[in-house]
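Engineer: Got a structure for you, written out below as C-alpha cells; questions coming shortly.
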C-alpha cells in the first residue's frame, strides 16, 4: 500500500497537495476518503485555521476529529478507505501537552500501525527545525520530537514530498 | 515571458542568483535591468543590509526604490527592460505595517500585473515558515501572508528556484 | 579529494547521513575516521545531546573534541584519515561567543584549509534561516554568519546534500 508523507512549512500548500493525492487515490480505487483532523479548537485563532482548511475539502469526505489517541481513532476506520491525516504536528502538540499520554508509547504504536496497515495513507507534517535554536526549552523539545517523528514516518513512507511555495518536490519515491 | 521566483532563507545566496539571472537575460535580450528595491531604510541595521546588496550590483543598472505601492512603481517601467524585484518579503513587511494600504487589494493587483506583464521578471522572496510557531501573533500573521503570497507568485512563475547555502535548486521549470 | 557538506534542520538525520558517508569512504579507502566534535558541554542539555550522538558512532573511530580553534585542530590530523566535522554550527557558536577569537580570520583560515587539504572531509551544518526574522540582534547576526559560512563551504564542496525527515537530497554533485 502507498504511504505518503507531505512535509513543508507554514502555508506551503502541503494540505492542498495532500488533498489532491487523497482525491486521486479515492477516484482510481473507487474508495471514499476519511479525513482525520488532528486539530483541537483550543482558541479562536485555531478555530479559524480549522475552518479555513475545512472549506477547501470535498463535502462527501468523512471527517473524524481526533485528540491525542490517534492510533485508537485510526484502528476503527473501515478498511475500504483512503486515509488522510492532517496533521502530525498538531497531533504531536496535543500529545506533548496532555499529561495522561505517554508520547513514546503512542508514537511507537502509530509507527507500528503505519507499517502494517493495508490502507493508502497520506500524512501531512511540518518541518520546524530550520531556524535559530529557540530560547524556550519546550520549543527545543518540540523541535526534537517533531524531527524524530518525521524521520520515523519518512522511513516507512513509500513517497515523501517536500512542499515550498505551493510546489510539491519529490524527495523519496517508491 | 519568463517569470522567475527565487526563494530561500537568510543569506542563502538568493539575491546573487537572481542578479545572475537578470544579467543573463539582459545580455541575451539586449536590454537593461531595472532593479526594484523594496527595502526601506528604517534603521541603521537595515541601511547596512541595503548597502551590502547595493555594492554587489552592476553600476549601470537602473535602481528604483519603492515603498508599499509596488504595483504603481512597476506599471511605470519602460517595457524594454528586465525587472528584478528584491524582495517580496520586505514589500510584504512594508505593506502590513503601513495603515493606509489594503494588503489584499495590493496583492491581487500585483498578481494581476505579474500575470499580464510582457517583461521578464525575476523576484526574490524568503521562506519563513520552517520553524516552531512563533509566540507573537503578528509574526504568525506575517508567516501566513508570506506563505500565501509565495504560493500565488509561484503558481504564475515559469521557474521557481530554491536556494540553500548558495546553491540554486530548481523546483519548477517551464 | 571529496568534500561533502550535509545541511539540514534540527533532527533531520544529517549526522547519521554524514556518519554513513564517513564509514563508506573509510572502508573503501582503507582508512580510519577522525571524528572532530565541535560541541562544548556548556550545560546539561548540551551534554545530553552530545551523548546522544556519541552512542550512535562506531567505537573504533578516533574522536577529537575542539573549541573555537578548529583549524589548529584539523592541521594536526594524520593525513591518512577521513575527517568528519560535526558540526559547523556549534563551531560558529563557539567562535562568536569567545571574545579572544577573530571570527573572520578563523573562517578564512578554515576555508583555505578546506580548499587545500588532501583529506576526504565530511562536514555537518545547520540551515537556520527559514524563519521569521528573530527579534534578538544576536540571533540575526548568527543567522547571517551561518548563512555566509554555509555559502563559503558549499562553494568549495564537491557534494552538498540537504537532509529533511532523514532523507538525503543531493543539491550539488561533482
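Glycine is treated like the rest: Cβ placed from N, Cα and C.
Sharing the record's features from TrEMBL:
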ACT_SITE  C:53  active site, GMP-histidine intermediate
BINDING   C:8-15, C:37-39, C:54-57, C:65, C:86  GTP binding site
Engineer: Quick one: of the binding-site residues C:11, C:14, C:38, C:65, which have a CB under 8 A from chain A's CB atoms?
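Structural biologist: Going by the Cβ criterion (under 8 Å to chain A), the qualifying binding-site residues are C:11.
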Engineer: Ranked by the number of other Cβ atoms within 10 Å of their own Cβ, which of the binding-site residues C:11, C:14 ranks first?
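Structural biologist: Result of the Cβ crowding comparison: C:14.
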Engineer: Name the secondary structure element type, per DSSP in three states, that contains residue C:38 (GTP binding site).
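Structural biologist: Going by the DSSP assignment, residue C:38 (GTP binding site) belongs to neither helix nor strand, so it counts as coil.
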Engineer: For residue C:38 (GTP binding site), what residues in its own chain, 6 or more apart in sequence, show a Cβ-Cβ distance under 8 Å?
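Structural biologist: Residue C:38 (GTP binding site) has long-range Cβ partners C:66, C:70, C:85, C:86, C:87, C:88, C:90, C:91, C:94.
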Engineer: If you count Cβ atoms within 10 Å of the Cβ of residue C:65 (GTP binding site), leaving out that atom itself, what do you get?
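Structural biologist: Neighbour count, Cβ to Cβ under the 10 Å cut-off: 13.
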Engineer: Specify the secondary structure state of residue C:11 (GTP binding site) as given by DSSP, simplified to three classes.
Structural biologist: coil
